[in-house]
Structures are given as C-alpha cells and as structure tokens.
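Take a look at the structure below.
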C-alpha cells in the first residue's frame, strides 16, 4: 500500500532497531513504563477484560472441556491417550503459550500475531498470517452451532435435519453474535459461567468413579493397533489455538502482567480438564476401545452416576460449543479491527459500536459462519488445520527473528532462554506440524493451497484499492509506529 502520514502518540517512545529494508517492518514498541501522557481516547471508556474472564476466554479458545478427546483412546488405547495429553502440552501448548505471552506483551494490541509477523517479516506476510488465521477461525467457528444441535437432536429429533435445523442454526448464530456485539467483558463473564457449568459434571464424575477405579486399565497399550493420523490430529485439535487470545490484547486490563498469568492458568485448566476425565472414564469402566468416539463421555457418566449425570454432561457439551463460538468470534472480529488499525484493511473495519466492539468484524465473521454452516466439514476442517499450521510456522519464524535481530528490545515478559534456546524450543512443535501435514491427504493439501493463493491475490488487490483511493486506509494514531526510523538505538546496541 502507498505510504501514509502516521501520527504517533509519542515519537520518542517508538524506536526502530534496524533500517527499513525491502519489505521488513522494524520493531517498535511502547514499554510498560513508557506509556506517554495523552488526551483521553474513546477506547479508554471501554471496560477492559480482567484476569478470570481472560482465563476462561483462553479456555474456550483452546479447549472448552474434554468433549472430543474420546477419539484418542479409540485411536491409540488408554496409555498412549493419557501420555499424549501429559506430554503433548510440553511439546506444543507450553511453547505456543510462552511465545504468545512474550510477543503479546511486546505488542499489546488487537492485531496480535498479525503485528508480530509484520514486524519481523514485513506487511505482506503479516497480511497472509491474518488471512489464514481469520479463515481458519471462521471455519472452526462454523462447526459449533452444528455440534450444539447434534447434542440436542437425541432429545429433539426435529433438529436433526430440514428446515427446523437450518432455522435453529441461523437463530443460534444471531443470538451468539448479538452477545459478542454487546461487549467483550460480557462475553468474558458469560464464558466464566459456561466454563464452570461445563467442568463441574466431570468433577462430580471423577469423585463418583474413585471406588471403581482400576489403575491397571490406564496401562493398556497395543502399539500394533494405533491410528497415528487420528491420534495426532485429536491431540493437535484439542491443544492448539493458544495464540488466538493475542488478538484481544488491546482489550485486556494491564496486559503486560495479566496476559502471561492468564496463559499460565489456562494451560493448567485445559490440561486438567482433559487428564482427569480420561483417568476416571478409563479407570472405572471396562475397556471397549471401539466405543471411545465423540460423545462417549455421556455414556460413561450414565454408567457411573445415572441418567441425571448423563444429561448434565450432554448439556455441558452443548454449552461448551456456545462458549467456544463466542470466544472464537471475539478473537476473529477483534483481529480484523486490529488489522484495520494498522492499515492492512480498510478503515471502516476499525469502527467500534457503542459497546466498544468491532461491528463490521463481527458481521463479517458471522456471515462466514452462516455460509459455511451448510457445508460438509470433513475435508474443509482438515484444510483449516493446515492453514493453522502454516500460520504457526510464520509465528515461530517471527519469534526467532525478533530474538536474533532485536535481543535488547523491551519485552515486559521474556521467556528465560537465549536465542539458541528460542530456536531449540521451536523445533519440536515444528516437527509436529510437519507430521500433521505429512499425514494429511492430497485433497486437503490442495484445498489449503487454494485458500492461501486467494490470500496472495487479496493483498495486491487491497494495495490497488488504496492507490486508487477507492476506500480509505489509515493507521491509528493511538498505536506506536512500526516504521519509524531511528538509528540511535541501533547504534547504542553496536556500542
């Protein structure tokens, strides 16, 4: 896009650490103790998200509870399923959460990972990151109204197909979209209530299971009968998306301190929400591996506690889908707002409603959900996973590049490892991504490539629209300037 005049809040607080070469955007940040005095902004009146709601927003961005982890037992047996949910967080979840904590506090704004990649690799790749992540988020979100109705159709068969199902999906999407419109703080506290309701039945189930536990059932393993594709995809599906919360960093109360702590608590909450239900279900019920598919926890609940506990688990599953929907939509819509504030999207995407929410971003995300809700998701969801993988590779590269090029930059939270440690930390999750990609089908890879090519075409189209002034692009004056050239700091580093 053409060069624009950028007005920063405080030029002295925005510092570059390298020359603006080719398409690279130099690092610039306002540190925790460098916040300049400025006139009150419109967004200052908007209530910020505090610790507890943020933890549960992270919980729903990543997990929502143990619904869907049953396939891990079906694919690999009890021992590998349990080991997977113990070991996998150290390979994937913790590195992703740590990178999100460091980069999210380095750039505490709603662009999140888009800004990280733009700063390290340039605006073209930053836009591609935004396109792939937003698209994968919308595809992901289109599943939840459908899954919600799938949990209810056993009690209300009319919701299984036809006009009642279509109408229900539309009404549910509108209601949850309106909740997002009313404000992120409301969404956060609703997520807390939904989260407590979704977790409690498994706590009850765990207590009831104690007298019937047989630890030997946890140790069953058959390496000759493992579906590695299903196993890895189940682990990956249930333990990713930690970076999604970064697109809400601008709405968080004191993000430099709140975000890292919330991610820490979120990792513990998510891991416990998987491991303890698996321990209870595997240890208290005789193993019938073929039955461990989506929804089997409701059968476990009935066997252990009766019909009332089964209904509670089913209601918790339905509630969990609503929680994941509102959390994902918040992340997707604020990402579009953050990209518009950085001049990557037309200015009208940065407009907020009277509740402080990105109205157009919400409408765009909701429209994508409604359009995709009528499709068959088996292949397209796998394609969404591949888009997410490519986006994560860009994030790892951006993280390492910033550590190498700007080691002395202000980082309110910094992972206590050096540059070599940063590279080593990214190797295991990168290998895992390669494994997921290698196990995917050619059809899925083809769909993913088509989606990426669309992103490659949209970026120059937006550049053309900007040059022709068909729509207005601008960079928010409330944000630090990522392109300001100040050699003094770099010279200080050299000395």
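Placement of Cβ uses the backbone N, Cα and C atoms for every residue, glycine included.
Look at Swiss-Prot and you will find 49-69, 79-99, 112-132, 156-176, 186-206, 230-250, 267-287, 357-377, 380-400, 417-437, 442-462 tagged as transmembrane segment, backed by sequence analysis.
Taking pairs at least six residues apart, the transmembrane segment (230-250) and the transmembrane segment (156-176) share fewer than three Cβ pairs below 8 Å and do not count as touching. At the 8 Å Cβ cutoff, the transmembrane segment (79-99) and the transmembrane segment (186-206) share fewer than 3 close pairs (sequence separation 6 or more) and do not count as touching. Under 8 Å from some Cβ of the transmembrane segment (156-176) lie the Cβ atoms of residues 145-146, 148-149, 322, 325-326, 329, 366, 369-370, 373-374, all in the same chain and six or more residues away from its ends. Among the recorded stretches 49-69, 380-400, 442-462, the one sharing the largest number of Cβ pairs closer than 8 Å with the transmembrane segment (267-287) is 49-69.
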